[in-house]
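Engineer: Supplied in structure tokens, the structure appears directly below.
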Ligand code: GDP
Ligand code: IMO
Ligand code: MG
């Protein structure tokens, strides 16, 4: 008898079905001592996690796509369509915001977990747009599951995001530079406990409508000029409810079955990044979710003991979109070169990304929080033309070294960075497909990073395509 059968406590009868499966119970008086239960439980299938180790846009989409080729399930656990993940397959550039990048693997199930905030028009538009680009998305609806506990981002959340940014600008002289996708306001509704979830939308629409109006009124009371089309949005949501219903699942049970059932490869695609994490990032210039490893457990219902390998994605230099301190930023020719060679424009907002040298203090801090098993180092090819390359290795304030990454943004703005200068290789690495073929200076750059972080580099990216990822071990 499968262990699921112990979940309901009904004496000797067939209990109410769980996700359509009958649950048969043993009579209570006949329960035998199961000797195997006395040994500690060992996880069966562990999840492999891919996380951003800087300020986002490290190339997570590409790494996930690579690993997703033989995955059974690919999950998103946090964030929303503030993320923009690019995957290039057969020269077609797909961009994903809410859909896991693994949706391109026709044999895998894509899963959007409870920790994600979903803007429904955004989700369906994203699918339509990618469907027009190539064959990769065909049949996506058949392989997508969405947790019934995920919260919904409404159009008025996005409008509120814009108003809050304007207010910050007026009151404090600067804003956060959000993506205006309604992420902060939607997570605020979740924390304030008046948010609405997928399970609300696909249940009794009348009840949903009532709660929706109350939530809209709540925001209207705060922002009287808020442009809310309650009637129009409700009509649209009713249509989305029908499209959504077949995709909705009990996310906790779905993950439990995947983790404890027959062998399965489960991949988690982190969105945003460590330094944008609401707890560990450069607060307040952060997003509103946990983009570090803890978000995998809370955003999917994965017990910590089921977390396996955690891969950190590190860009060979540093970029940041939006506002906030950036110690190794190069507001000069070097920054311009990285920006133009790296085509550093935001996938979600089209904004120009700020660029600078690789900051290893920051990546080491991300490693402290995430415990990376190994690193995927991306965009090494962008450094190909540089005669020398600098790497940030220590922060100092008033000449005194800081032991770690500071919490206080005033301190971070004041740090001076100690750099190590490494020789460049000044030749193209784009066609290189093995570590040994890389120029010695590029090998040295990689070894320097490993040595500083005490974490192995497992992959090195030298181009946009799947093929241009060198595997080291
Ligand atoms: P994500 O948000 O972490 O998934 O990253 P983005 O997709 O926002 O940004 C990364 C950009 O770099 C995308 O345009 C990728 O196609 C591109 N990219 C990823 N890896 C490499 C690489 O190794 N070399 C080059 N030249 N481009 C890369
Ligand atoms: P991926 O997954 C880069 C940044 C925004 C802004 C701050 C808050 O593609 O790496 P939000 O809209 O989340 O409230 O904005 O966070 N930001 C990102 N920057 N890549 C991302 O995602 C980001 N997601 C959020 O630019 O500064
Ligand atoms: Mg991105």
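For all residues, glycine too, the Cβ spot is worked out from N, Cα and C.
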Engineer: Under TrEMBL, which of the candidate ranges 1-39, 40-78 is annotated region 'Disordered'?
Structural biologist: 1-39
Engineer: Which recorded positions from the set 56, 57, 59, 85, 86 come within 10 angstroms of residue 349 (substrate binding site), judged by C-alpha positions?
Structural biologist: none
Engineer: Hey, of 272, 350, 351, which of those binding-site residues are within 10 Å of residue 86 (GTP binding site), Cα to Cα?
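Structural biologist: Among 272, 350, 351, not one has a Cα sitting within 10 Å of that of residue 86 (GTP binding site).
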Engineer: For residue 347 (substrate binding site), what is the secondary structure state per DSSP, taken as helix, strand or coil?
Structural biologist: coil
Engineer: What recorded positions among 57, 62, 349, 352 have a C-beta sitting less than 6 Å from any atom of ligand 1?
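Structural biologist: Checked recorded positions vs ligand 1; flagged 57, 62.
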Engineer: Looking at the recorded positions 56, 57, 272, 348, 380, whose Cα is closest in space to that of residue 84 (Mg(2+) binding site)?
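Structural biologist: Looking at Cα distances from residue 84 (Mg(2+) binding site), the smallest one goes to 348.
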Engineer: Roughly how wide, in whole Å, is the group 57, 58, 59, 60, 82, 83, 84, 85, 179, 193, 272, 287, 351 that binds IMP, by largest Cα to Cα distance?
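Structural biologist: Across 57, 58, 59, 60, 82, 83, 84, 85, 179, 193, 272, 287, 351, the widest Cα separation comes out at 34 Å.
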Engineer: Enumerate in sequence order the binding-site residues 59, 349, 350, 462 whose Cβ-atom distance to ligand 2 is under 6 angstroms.
Structural biologist: none
Engineer: According to DSSP, which kind of secondary structure is residue 85 (active site, proton donor) found in, if we only use helix, strand and coil?
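Structural biologist: Going by the DSSP assignment, residue 85 (active site, proton donor) falls within a strand, counted as strand.
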